[in-house]
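The feature active site, schiff-base intermediate with substrate is assigned by Swiss-Prot to SER64. Residues annotated as active site, proton acceptor in Swiss-Prot, with sequence analysis given as evidence: HIS69. According to Swiss-Prot, the active site, proton donor annotation covers CYS84. The pyruvic acid (Ser) annotation in Swiss-Prot covers SER64.
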Amino acid sequence: MKVGVGIHIIADFYGVDSKLISTTERMYPIIEGAVKYGRLTKISSDYYQFRPQGASGVVLLAESHLSFHTWPEYGLVTLDIYTCGDPKTADDAFEYLTRELKPTSVTTRKIVRGDLVGEEGLNEMQVEIH
């Protein structure tokens, strides 16, 4: 039986208000709010302010991580939400970010991580990484 160990949401938000995503000061409460709304366990976080504008940040979670990067000149926010355990936590954090950032267009990829767990012969399987 296939069971994943986590959900990884990779998303690009387009058409986001550039004033909202220009600074870490504006992004911090939105990202931290997503962590709370998703019922995630924050271990630590770090944010970086680009000059003249733009922000990046990562929140280390007991469940994995949430990270973002902004390009205010394009109205673009790229997001990475990876959580282990209950997949609803990643979905809830993503829903919160969508509601707060109000993108006009969104592209997403949702990946089940560790989906070979439980597969017959997994222990004997050899994986080649290039």
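Glycine is no exception: its Cβ is also placed from the backbone N, Cα and C atoms.
Source: prediction; values computed, not measured.
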Rounded Cα separation (Å) that holds between the residue listed as 'active site, schiff-base intermediate with substrate' and the residue listed as 'active site, proton donor': 7
Sequence-distant neighbours of the residue listed as 'active site, proton donor' in its chain (C-beta under 8 A, six or more apart): VAL5, GLY6, GLU63, SER64, ARG113
Packing count at SER64 (active site, schiff-base intermediate with substrate) (other Cβ atoms within 10 Å of its Cβ): 21
Cβ contacts of HIS69 (active site, proton acceptor) (under 8 Å, same chain, 6 or more positions away): GLY54, ALA55, SER56, VAL77, THR78
